[in-house]
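Engineer: Here you go, one structure.
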Amino acid sequence: MTFYPYKNGRLHIEGVSLDELAARVGTPFYCYSASAMETAYTSFVAALGDLPATVCYALKANSNQAVIKTFAQLGAGADVVSEGELRRALAAGVPAKKIVFAGVGKQPSEMATALDAGILQFNVESLPELEALSRVAQEKGSVAPVALRINPDVDALTHAKISTGKAENKFGIDIPSLRGFLASAAELPGVRVEGLAVHIGSQVTDVNPYRTAFERLVALFVELRDAGWPLERLDMGGGLGIAYRDGAAPDITRYAEIVRGAVAGVGCKLIFEPGRFLTGNAGLLVTRTVYVKHGTARRFVIVDAAMNDLIRPTLYDAWHDILPVAQFSPDAAREPYDIVGPICESSDIFAEQRSLPTVAPDDLLAICSSGAYGAVMASSYNSRPPAPEILVRGKDYAVIRPRMDYDALIGQDRLPEWLDDSQQSSEPRGAA
Ligand SMILES: Cc1ncc(COP(=O)(O)O)c(C=O)c1O
Ligand SMILES: N[C@@H](CCCC[NH3+])C(=O)O
């Protein structure tokens, strides 16, 4: 099933033409297919079958309220990494008892907010963090539920910048340190270790590293539980990748088989934290061609979206398919183009030497697979208001984040008194 059909010669998202959306909000804009998200979620849940699992959507992939609520209504919990994400999850109606709080740098104030909310668990990654959590909980007269995130020292075979399970990464507790760690945890009155967690990285397309990581996780779980620790839950993390281009999609069924094999006979509750898998291929960034520039070495398509809107190609040399909104014949003549934004950096580039049917000024292009780590990583660099977001469902659509206007953008700044003309007295400074 495609969520992005060409109809009447123009690209649509579900039943809505991208031209109509462009006319409504201008370009560039993000649009998401609610059906694509729902389908990804239900296929993830279906693959897990009868495993006793809670799927905690990783908000960092796309934390728009409408997106979170779409998953919450399907029964999802949330994986959050900051107080901001925690508040977003609660605001979208995710029950606190389905929220896990991950991340290496939780601050006491964030811990306090999460404790007050009554979340399911804190995924703790270091002894100082555990001590801080214990102090915060003790002050409140409560006990914080904890899962210890281990670092399994497994190569997730993904981009180095999004790999999290190797010993040299900042994440998790090294397995050899875990027993000593638990001895310290036993002395802390404000925490109760109820589970173990792992997360080896993002955009994982070869599922084999999961097997190694899960086997190490489960072996520890069983050993510690046998030693008397009252462990109840295993958090298997997220990271399952998507196809950014043909053929690179991981097999969700094989992933689930690996999980099933690893936890067979263990008898504990499971948590999963998928992000990109649920939203990545549900989104497009739609942009308009401003100019086509013929250089001596390259032909540049200069579009009105930029690295401030979607930074993945700049940051990770990531590939995103680019589709012309005007339907084209498979035999159409093609040319190699560099698709670039207007920002004053040579790294402001979406695709290099991309073979596309002839592109002309004003043409709309859709940058695919932009539903995860797109809008959430946007900035206003070069004083560009970040692109608005639209959620589409069938023939309906709604603007779920409007474009920020320039007054709001500039209005974020404050002038110090000595620069503020409206506050300066007519008396010269220091006058008697
Ligand atoms: C702890 C944790 N859980 C879940 C995720 C979600 O990852 P992904 O979007 O790759 O599924 C991440 C990010 O990689 C993460 O750091
Ligand atoms: N920002 C990364 C994913 C990071 C995942 C964070 N745990 C990306 O765009 O691929």
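Cβ atoms here come from the backbone N, Cα and C positions, even for glycine.
Keep in mind that TrEMBL annotations are predicted by a computer and have not been checked by a curator.
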Engineer: Which candidate from Gly239, Gly295, Gly341, Gly394 does TrEMBL annotate alongside Glu273, Pro274, Gly275, Arg276, Tyr373 at the pyridoxal 5'-phosphate binding site?
Structural biologist: Gly239
Engineer: In whole Å, how far is Lys60 (N6-(pyridoxal phosphate)lysine) from Gly275 (pyridoxal 5'-phosphate binding site) when you measure between their Cα atoms?
Structural biologist: 7
Engineer: Cβ under 6 Å from ligand 2: which of the binding-site residues Gly275, Arg312, Tyr373 qualify?
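Structural biologist: With ligand 2 as the reference and 6 Å as the Cβ limit, the list reads Arg312, Tyr373.
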Engineer: Just the number: how many Å between the Cα atoms of Cys344 (active site, proton donor) and Arg312 (substrate binding site)?
Structural biologist: 17
Engineer: Cα of Lys60 (N6-(pyridoxal phosphate)lysine) to Cα of Glu345 (substrate binding site): how many Å, rounded?
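Structural biologist: Taking the Cα atoms only, Lys60 (N6-(pyridoxal phosphate)lysine) lies 26 Å from Glu345 (substrate binding site).
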Engineer: What whole-number Å value do you get for the CA-CA distance of Arg312 (substrate binding site) and Gly239 (pyridoxal 5'-phosphate binding site)?
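Structural biologist: Taking the Cα atoms only, Arg312 (substrate binding site) lies 16 Å from Gly239 (pyridoxal 5'-phosphate binding site).
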